[in-house]
C-alpha cells in the first residue's frame, strides 16, 4: 500500500487576477471624487451671507421666547404672593389661638411648679433634720471612742510605771527574792538575749576565720606563681647566649 498523494498545485493570485480582467466598480471611484462639481468664489460669498442672515433670525426668535418666559414668570410670582398672603393670615390666626392656649397652659404649669417647689422645701427640711440627728449621733460615738482610748492609754502607762518600780526595787535589793512572776519573765528574757548575742558573736568569728584563710591561700598561690615565672625568665636568659 503506497502513500496517498496530498499535494496541491500552487496558484499565483496576481496571475489569477490578471486573467480575470478588470473588476466592475460598484460605486464612485477616486477620479469621480476629484472631478466633482465645485462652487466658485462668488457662490461661496452668497452662502456665507445667507448663514449670517439665518443667525439674525435665530437671535430674534430667542428674544421673543425670553419675553414670553418673563411674562409667565410674572404670572407665577403673582400666584405665589397671593398664596403666601392667605397663608400668613392663617398663621396669624393660628398663632393667636396658640398664644391663648399657651397662656392657659403656662398658668397651669406655674401652679404645678409652685406645688412642686413646696414639696421640695418640705423634703429639704426633713433631710436637714435627719442629717442633724445623724451628726449628733456620730459626735456622741466619737466621744465614746475617745474616752475608751484615753482609758486604755492610762492603763498602759500605769502598767509601765509598775514594771519600772519593780525593776528599781530589784536593783536596790538584789539579795531579796523575786517579788512577782513579772520579774521571772524579765530574767528569762535577759537570758535569751545573752544567748543570742553569744551565737551571733561565734558566727562572726567563724566568718572572719574563713575569710582570713581564703586570703592567706590566695597570697601563697601568688607567691608560687611569681617564683615559677622568675625561674622561667632565668632559663630563657641562660639559653639565649648559647644560641648562635
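Every residue, even glycine, has its Cβ placed from backbone N, Cα and C.
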Of the ranges 19-38, 39-58, which one does TrEMBL flag as region 'Disordered'?
19-38
Give the nonlocal contacts of the region 'Disordered' (19-38) in its own chain as ranges (CB under 8 Å, at least six residues past its ends).
none
Helix, strand, coil: count each for the residues of the compositional bias 'Basic and acidic residues' (69-80), based on DSSP.
12 helix, 0 strand, 0 coil
May I have the DSSP-based helix, strand and coil counts for the residues of the compositional bias 'Basic residues' (219-236)?
18 helix, 0 strand, 0 coil
